[in-house]
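Trainee: Dumping what TrEMBL says about this protein:
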ACT_SITE  Asp59  active site
ACT_SITE  Glu134  active site
BINDING   Glu55, Asp131, Glu134  Mg(2+) binding site
DOMAIN    31-145  domain 'RNase III'
DOMAIN    172-240  domain 'DRBM'
Amino acid sequence: MTSENTVSAAGGEGNHDKLLAAVGVDIEPGLLTLALTHRSYAYENGGLPTNERLEFLGDSVLGVTVTENLYLSHPDKSEGDLAKIRASVVNMHALAEVARTLGEGGLGAHLLLGKGEEMTGGRDKPSILADGMESILGAIHLQHGIETARRVVLDLFDDLLTRAPLLGAGLDWKTSLQELTAEHGAGVPVYEITATGPDHDKEFTATVLISGKPLGVGVGRSKKEAEQKAASSAWKTMSENAAATAVAADGPSDLAG
């Protein structure tokens, strides 16, 4: 280990056992602290090392693992198709989605953040969560090697890797849902948004209406996230509903049940 892996845990978010249990491997305390140290915290505490170098390493580990998995799992897909699918898995919002599942309170509860980021909801910012997720993967690779890091990626990203090839040409749920409703003559999905909580910590709920009927609900920290989750829910409902194949004959309203 180098000296950059001995950052003090002062100011941290307490016990990391649940985080490590969710990740599935142990990470040496000093290295874990480094992986959790956002630059805002480092700058406010005398220029400590940040997690950015580990983020750089983790980004490569994630990219090659996902790329290899898609190549082996989809021999019928072209290079262009594989690239689009990979982009739907290896992106800021997808990484943040996985980060939120790591232990009680998600990865954000364990990050070392500066006061400014703390006050502006930094623990749930997609960009900060994505960077932290990549830093954790970089730390795993550094301590345990590529095979363990690859296994962790495949475990944590299994759901995304399964869902990604199901998306339509746009590779996002809103586009895919619109393609599906157009295919069945059900018109354009309409999204209704409500918000709760203070300005600095709002939570948005999106309800997607198909032919005037609610078919999916999603909750997120942004309108975009909530709409994507609502669209995902509606897309799955429509795709799994055998009655959807009879829309052309029965009329668009049958799509919503």
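Start at 1 and count along the chain as shown; that gives each residue its number.
Just so you know, glycine gets a Cβ as well, placed from its N, Cα and C.
Quantities reported herein were computed from a predicted structural model and do not represent experimental measurements.
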Trainee: When you average the Cβ positions of Glu55, Asp131, Glu134 for the Mg(2+) site, which other residues in that chain have a Cβ within 8 Å of that mean position?
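Mentor: Counting only non-site residues, the set is Asn51, Glu52, Leu54, Phe56, Gly58, Asp59, Ala130, Gly132, Met133, Ser135, Gly138.
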Trainee: Counting across all protein chains present, how many other Cβ atoms fall within 10 Å of the Cβ of Asp131 (Mg(2+) binding site)?
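Mentor: Summing over all protein chains shown, Asp131 (Mg(2+) binding site) has 26 other Cβ atoms within 10 Å.
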Trainee: Using the structure shown, find which entry in Glu55, Glu134 (the recorded positions) has the sparsest Cβ neighbourhood within 10 Å.
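Mentor: Across Glu55, Glu134, these recorded positions, the one with fewest Cβ atoms within 10 Å is Glu55.
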Trainee: If you average the pLDDT over the domain 'RNase III' (31-145), what number do you get?
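Mentor: Result for the domain 'RNase III' (31-145): average pLDDT 93.
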Trainee: Going by DSSP, how much of the domain 'RNase III' (31-145) is helix, how much is strand and how much is coil, in residues?
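Mentor: Final tally across the stretch: 83 helix, 2 strand, 30 coil.
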Trainee: What does the DSSP secondary structure composition of the domain 'DRBM' (172-240) look like, as residue counts for helix, strand and coil?
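Mentor: Helix (H, G, I), strand (E, B), coil: 32 helix, 23 strand, 14 coil.
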Trainee: Suppose we draw a 10 Å sphere around the Cβ of Asp59 (active site). How many other Cβ atoms does it contain, all chains included?
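Mentor: Looking across every protein chain shown, the total is 19.
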Trainee: Distance check, please: Cα of Asp59 (active site) against Cα of Glu134 (active site), rounded to an integer number of angstrom.
Mentor: 6
Trainee: Give the distance between the Cα atoms of Glu134 (active site) and Glu55 (Mg(2+) binding site), rounded to the nearest whole Å.
Mentor: 5
